[in-house]
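Quick one: the structure is below, and I'll ask about it shortly.
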Amino acid sequence: MSTGAFYISSLLEKMTSSDKDFRFMATSDLMSELQKDSIQLDEDSERKVVRTLLRLLEDRSGEVQNLAVKCLGPLVGKVKEYQVENIVDTLCANMRSDKEQLRDIAGIGLKTVLSELPPAATGSGLAINVCRKITGQLTSAIAQQEDVAVQLEALDILSDMLSRLGAPLGTFHASLLHCLLPQLSSPRLAVRKRTVVALGHLAAACSTDLFVELADHLVDRLPGPRAPASPAAIRTLIQCLGSVGRQAGHRLGAHLDRLVPMVEEFCNLDDDELRESCLQAFEAFLRKCPKEMDPHVPNVTSLCLQYMKHDPNYDHDSDDEEQMETEDSEFSEQESEDEYSDDDDMSWKVRRAAAKCMAALISSRPDLLPDFHCTLAPALIRRFKEREENVKADIFGAYIMLLRHTRPPKGWLEAVEEPTQTGRNLNMLRAQVPLVIKALQRQLKDRNVRTRQGCFNLFTELAGVLPGSLAEHMAVLVSGIVFSLADYSSSSTIRMDALAFLQGLLGTEPAEAFHPHLPTLLPPVMACVADPFYKVAAEALLVLQELVRTLWPLDRPRLLDPEPYVGEMSTATLARLRATDLDQEVKERAISCVGHLVGHLGDRLGDDLEPTLMLLLDRLRNEITRLPAVKALTLVAMSPLRLDLQPILAEALPILASFLRKNQRALRLATLAALDALAQSQGLGLPPPAVRTVLTELPALVSENDMHVAQLAVDFLTTVTQTQPSSLVEVSGPVLGELLQLLHSPLLPAGVLAATEGFLQALVGTRPPCVEYSELISLLTAPVYNQVGDGGPGLHKQVFHSLARCVAALSAACPQEAAGTASRLVCDAKSPHSSTGVKVLAFLSLAEVGQVAGPGPQRELKTVLLEALGSPSEDVRAAAAYALGRVGAGNLPDFLPFLLAQIEAQPRRQYLLLHALREALGAAQPDNLKPYVEDVWALLFQRCESPEEGTRCVVAECIGKLVFVNPPYLLPRFRKQLAAGQPYTRSTVITAVKFLISDQPHSIDPLLKSFIAEFMESLQDPDLNVRRATLTFFNSAVHNKPSLVRDLLDDILPLLYQETKIRRDLIREVEMGPFKHTVDDGLDVRKAAFECMYSLLESCLGQLDMCEFLNHVEDGLKDHYDIRMLTFIMLARLATLCPAPVLQRVDRLIEPLRATCTAKVKAGSVKQELEKQEELKRSAMRAVAALLTNPEVRKSPTVADFSAQIRSNPELTTLFESIQKDTASGPSTDSMELS
């Protein structure tokens, strides 16, 4: 016998002792053993442990009984399945015992065992088998009405089982339903309540037929509002409807037209508890079935408005109320103390249910926001005076919900011609602000902490939606903030909330609004800085930092004299900084606050400046505070006050140098930023020995291992080169070696390249230059020029562009050398002995040098570039076209007419010449292009009918770039082309519009927005190519600048959805030898339409009717391979973004996924077909996994059946598990770049 088994055996022996203390201690020790993962029981030990624990459930000592029942939980996972079933059988038998205590223990035991059973999703069948075993016994226990205690315990356990394992118990659902329905008529309220809960869980998991039976039963049992019926019976049925609505509301949609009018009638009966249940049912219906509730919204809104003010036992005299608001705060507090209170008054529950229902109404119907602002908002504001704390919190919550839905979407763009709906909503909200202030003015000083917290939350949300709207009411807000900051009799939470609100306010309101109130506001903030509770102090330091940053900004003249305040702020902050026993958060906030104080007001610190800097230096030496200290030092160094930092530089620089060796990325990044700021601000004041110490650490940081670190290192090198070039002598060689190696990386980010260009220019810009121009050019070009043979360019294409940019940067820094460089490049480009790589680099360098130093030898250059367009190397041809355009942009009078003439004269080279024109149009200044607009416009539109799609695409891009030259003149001309042009011309014009859209704000946006509706009419064009181009343009707008199209979606979406449908007239059969091949000409258009739908999910979710949207997603799940892949990804996103509508139709959505996952590949399929099918399965299973993250989805019988099918199929199980691991290990890769 092992040591563990022997120990268990000795415990079991003590558990049978006659001494209850022995039994208790032994059972406690067994509990500890069972909780260990390492414990292993043999079969004999299992049997003995189970038998002994079950016997102890009947122990005379209640303490021993309670401990024994707790042991059952960990025991379940340590014994075999038949032992668990033995435990369950015994507990079920004990449930029917005559002894009340034993029945109670058995009930607790069953709940404990059920809670510890492994979920069905893990593949274990234990939970299902155990539940099936006890369901029948629970049913009979519920049906026997002799003992109510047994009934209640059985109903509790049944509810727990159904909530966890509803669907797998499908065979029992009918018997459970028929057992539970009669209990709705039980004379015992507790039985009825537990039955309502159980039926709610059953409704979520049962079959459609049983659900219909349940719904019909509830509807049929509800009497007419005037028919005689027991109020208790009606309340129970309405509560049951509410429970079903909360648990399975997505299945109630089809029954709502019958249910809602009846519930409305009952809501008007004089029974507050019934009214509460009716309103709770409406809330569930609105949240789960917003589409089906649409016809009933006006009536529900009316009921909410009526019952939100339902307070029959209290007289709210509005005239008195207004008069009271003018009284002083002492009278206000007296009135607050005399609040009405009546324990028998239930009307507050009705008001709370109405407020919650109103919040559900707002969140489920954002499309009705204008109506809500007219009807709900004033009513909510009037009810801010609510006397019941819980109700008031829900009223605040409903108004906050309205604010959140009014918040403009990201990237919102107001139209110039007419305000959008978003703008009108904001205007309506702006008109409400004075009313909100008036309603909450007294409440900001309410005795009740929760009320004040609600006010702060509401104002924070309001300031976020309408920045600047609270400025004229600052006196009221400051008064309320100060009141809470000085409230030491309540929890410190209210001070933290007040501070957080003040910090947010400083970020949204203009600084001038705070100036008159600073003498009042600053003392309580200073007191909070010194607060002994670390969270209050940390929050206060953050506020102080924001005060300094906002009231004395560095980019504008000071409008407020800091002299009266700077001493007090400095003293309070330094006191916190000097303390050594502080919480880490307070230390970091104090350091940051000092950084802002010195950076913004250092010139007013006088003699306190040097001690403050020394304190910062001291924190720099401390490992715990060094990162915030580095950031604070950066703030100080970057300050335009140009403070004298000499007292700390000699010691600080070596410390900073040591940080560059630390294996802490955040510290290295912050240190490099600090060093660069110091070098820029202090320049020659930096001690050269200390600078050299820092520089020796830099070569190791210029590496592609971390591009961001490399960029900051190069930026610092540039600054040092400009301020102390002599310090660079020793490290310039190693640094250049690393930098040139970095330039050979094909993944070089634009920021690193720009930093490198700046550094190279700094090297040759010093007098004398740190490194000679010719030497740097040789170093840059050596890897290309020294390449042996001509096996192609050798290096990655991107590397050539990087090297060319650096050559151009050097030429710009040394204008006297540029002409010679250009001549050498032309010679290299035309030399027959030059390799492909040399020619590519020469042309790309000429393109860049031409931009900064002129085009060099004109006639010869044109000839060389034209000849290169006929090169056998594709890389050389592309580089020459690029160079022709870029060089031409620098000398339009000479090059552009020449380029246009060549396009006319050389149709065979048209594609390359159009690429050159595109580069010229993109690189030239718009004003310089104006004289050539008409010629270029005419030439481009002559080529819109090219049969080559690639050519038409380049033409479209050229047209787009040309429009930027004079948008008001050229953009309207698109109308004529769209109306009169041929199909190819129309598609080219629409494609050109796509190139007018960027993800950054642009001056053309308002003008473009006014034309979008006309462009989108092309979705009705008879030509497929035009419709596809329109969808591509629309997708680009939705992805990059959704504000352009948001307000047009009502008109666009029906046309978009039309394009997702399969058109049989576009499907044809093509004979290929003995085989027939099906071609779907509409596939590309459908695919473009589904890509638009995906983009809409990311940026315009609030404008979509999700039920209609899902109809088309459902169709896409059965479409072509490419479209199914798109819709699987969409469905995975929808499962997260819109769980409620997805849940409503999950039974229909899961079938196409099941069909894909279980599809068999045809015999003899080629490898490509096998791979496509495998990827399709994987994508479908990802969608399944995303759906299953919603616990409500798992309750669906169809989903439960498919889950069981996955678990029973080893191949599907492996696939599902691998997807779950991928999801757990990192973010999903199922994102699409559709721009």
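Yeah, the Cβs are placed from backbone N, Cα and C, and that goes for glycine too.
OK, Swiss-Prot features for this one:
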type     : residues  : note
COMPBIAS : 317-345   : compositional bias 'Acidic residues'
MOD_RES  : Ser2      : N-acetylserine
REGION   : 314-345   : region 'Disordered'
REPEAT   : 44-81     : repeat 'HEAT 2'
REPEAT   : 171-208   : repeat 'HEAT 5'
REPEAT   : 210-246   : repeat 'HEAT 6'
REPEAT   : 326-367   : repeat 'HEAT 8'
REPEAT   : 431-468   : repeat 'HEAT 10'
REPEAT   : 516-553   : repeat 'HEAT 11'
REPEAT   : 564-603   : repeat 'HEAT 12'
REPEAT   : 607-644   : repeat 'HEAT 13'
REPEAT   : 689-726   : repeat 'HEAT 15'
REPEAT   : 730-769   : repeat 'HEAT 16'
REPEAT   : 932-965   : repeat 'HEAT 20'
REPEAT   : 1047-1083 : repeat 'HEAT 23'
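Please situate the listed features within the shown structure.
Across the repeat 'HEAT 2' (44-81), the DSSP tally of helix, strand and coil residues reads 29 helix, 0 strand, 9 coil.
Below 8 angstroms of C-beta separation, residues 132, 135-136, 139, 142-143, 145, 148, 151-152, 155-156, 158-159, 162-163, 214, 217, 221, 232-233, 236-237, 239-240, 243-244, 246-248, 251, 1147, 1192, 1195-1197, 1200 of the same chain, each at least six residues beyond the ends of the repeat 'HEAT 5' (171-208), sit close to that stretch.
Same-chain neighbours of the repeat 'HEAT 6' (210-246): 173-174, 177, 181, 184-185, 189, 192-193, 195-197, 199-200, 202-203, 252, 255, 258-259, 262-263, 265-266, 268-269, 271, 273-274, 277-278, 280-281, 283-285, 288, counting only residues six or more beyond its ends whose CB sits under 8 Å from a CB of the stretch.
Looking just at the repeat 'HEAT 10' (431-468), the mean pLDDT is 94.
Assigned with DSSP, the residues of the repeat 'HEAT 11' (516-553) fall into helix, strand and coil as follows: 32 helix, 0 strand, 6 coil.
The DSSP breakdown of the repeat 'HEAT 12' (564-603) into helical (H, G, I), extended (E, B) and coil residues amounts to 35 helix, 0 strand, 5 coil.
Counting residues 6+ beyond its ends, the repeat 'HEAT 13' (607-644) has Cβ neighbours under 8 Å at 554, 570, 574, 577-578, 584, 587-588, 591-592, 594-600, 651-652, 655-656, 659, 664, 666-667, 670-671, 673-674, 677-678, 680-682 in the same chain.
Residues of the same chain lying 6 or more positions beyond the ends of the repeat 'HEAT 15' (689-726) and with a Cβ under 8 Å from any Cβ of it are 649-650, 653-654, 656-657, 660-661, 665, 668-669, 672-673, 675-676, 679-680, 683, 734-735, 737-739, 741-742, 745, 747-749, 751-752, 755-756, 758-759, 762-763, 765-766, 770.
The list of residues near the repeat 'HEAT 23' (1047-1083) in space but at least 6 beyond its ends in sequence, with Cβ under 8 angstroms from a Cβ of it, reads 415, 420-422, 1012-1013, 1016, 1019-1020, 1024, 1027, 1031, 1034, 1089-1090, 1092-1093, 1096, 1100, 1103-1105, 1108, 1111-1112, 1115-1116, 1119-1120, 1122-1123.
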Using a Cβ-Cβ cut-off of under 8 Å, list the residues of the same chain that are 6+ residues beyond the ends of the repeat 'HEAT 12' (564-603) and lie near it.
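That would be 518-519, 522, 526, 529-530, 534-535, 537-538, 541-542, 544-545, 547-549, 552-554, 609, 611-613, 615-616, 619, 624-625, 628-629, 631-636, 638-639, 641, 643.
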By DSSP assignment, list the helix, strand and coil residue numbers for the repeat 'HEAT 13' (607-644), in that order.
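Final tally across the stretch: 28 helix, 0 strand, 10 coil.
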Where else in the chain does the repeat 'HEAT 16' (730-769) make close Cβ contacts, counting only residues six or more beyond its ends and a cut-off under 8 Å?
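Here the qualifying positions are 692, 695-696, 698-700, 702-704, 707, 710-711, 714-715, 717-718, 721-722, 776, 779-780, 783, 795-799, 802-803, 805-806, 809-810, 812-814.
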Short question: which residues 6 or more past the ends of the repeat 'HEAT 10' (431-468) have a Cβ under 8 Å from it?
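Those are 325, 329, 332-333, 336-337, 373, 377-378, 381-382, 384-385, 389, 392-393, 396, 399-400, 403-404, 406-408, 476-477, 479-480, 483-484, 487, 490-491, 493-494, 497-498, 500-501, 504-505, 508-510, in sequence order.
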What is the number of residues in the repeat 'HEAT 20' (932-965) that are helix, strand and coil, as DSSP sees it?
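The breakdown for the repeat 'HEAT 20' (932-965) reads 26 helix, 0 strand, 8 coil.
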